[in-house]
Amino acid sequence: MLYRGKFADGGDGREMAPKRQRTVDAGSSFYGSPGSSYMYNPSPYGYVSQPPPPPPFPVVRLRGLPFDCTETDVAEFFHGLDIVDVLFVHKGGKFSGEGFCVLGYPLQVDFALQRNRQNIGRRYVEVFRSKRQEYYKAIANEVSDARGGSPRRSAPRAKSYDEGKDSAEHTGVLRLRGLPFSANKDDIMEFFKDFVLSEDSIHIVMNSEGRPSGEAYVEFENAEDSKAAMAKDRMTLGSRYIELFPSSHGEMEDSISRGR
């Protein structure tokens, strides 16, 4: 059962990724103050009982990640743990080899630390305890970096790459890549709010373990709408840059079936 309680900063870790952009734009913490909900009640005994401190925010910092690392690689590295969000850190527009991983509940931080110096590919990865403030600071930096996103998407694109997208045949289906693991159908509908979509037209792809893969398919009303929706390519959902690709019903059905 997934942890649904409040962390030390007053919020639910599972709501973090889809609300990152709003948090940063508002200029204040989404999580609020841990003591703000408690009223002072004078006690006849001269003291006021205090509630037990809430558990810490469940986030770890990663160092030494491969430069072609993806969110899925990190999820596989922490196999068996509940991954809420993965954030890669860029410096000067280039992937730094560092990142943050938000887990489902605080106890899982100890399990994540046991993966310290285990490998992703040929590189060993260091795992450290982290704090909400460090994670927030990294979010703010990524949102302000026009070349943010996953390390695999941080390199400049060749002109022919974009021309290939422009010349691709549209069937009314788009493939989305780079979604936060916590993204749901409502988030995708908001991303494409200028188009008429229903929940049945959005298909989030799961991996073999039944967890979100970071990809999804969207069926538009017609090919003209899917072509117009390509204007959203590399725009952000939260602090993630989402890549869009013209696709087909056949490709969509194959991807969905592989995740079952």
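Each position is counted from 1, following the chain as shown.
Yeah, the Cβs are placed from backbone N, Cα and C, and that goes for glycine too.
According to TrEMBL:
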{"type": "COMPBIAS", "residues": "1-18", "note": "compositional bias 'Basic and acidic residues'"}
{"type": "REGION", "residues": "1-26", "note": "region 'Disordered'"}
{"type": "REGION", "residues": "145-166", "note": "region 'Disordered'"}
{"type": "DOMAIN", "residues": "172-260", "note": "domain 'RRM'"}
Study note, to complete from the structure: Per DSSP, the domain 'RRM' (172-260) contains 30 helix, 26 strand, 33 coil
Review point. Mean pLDDT for the domain 'RRM' (172-260), as a whole number?
Key: 90
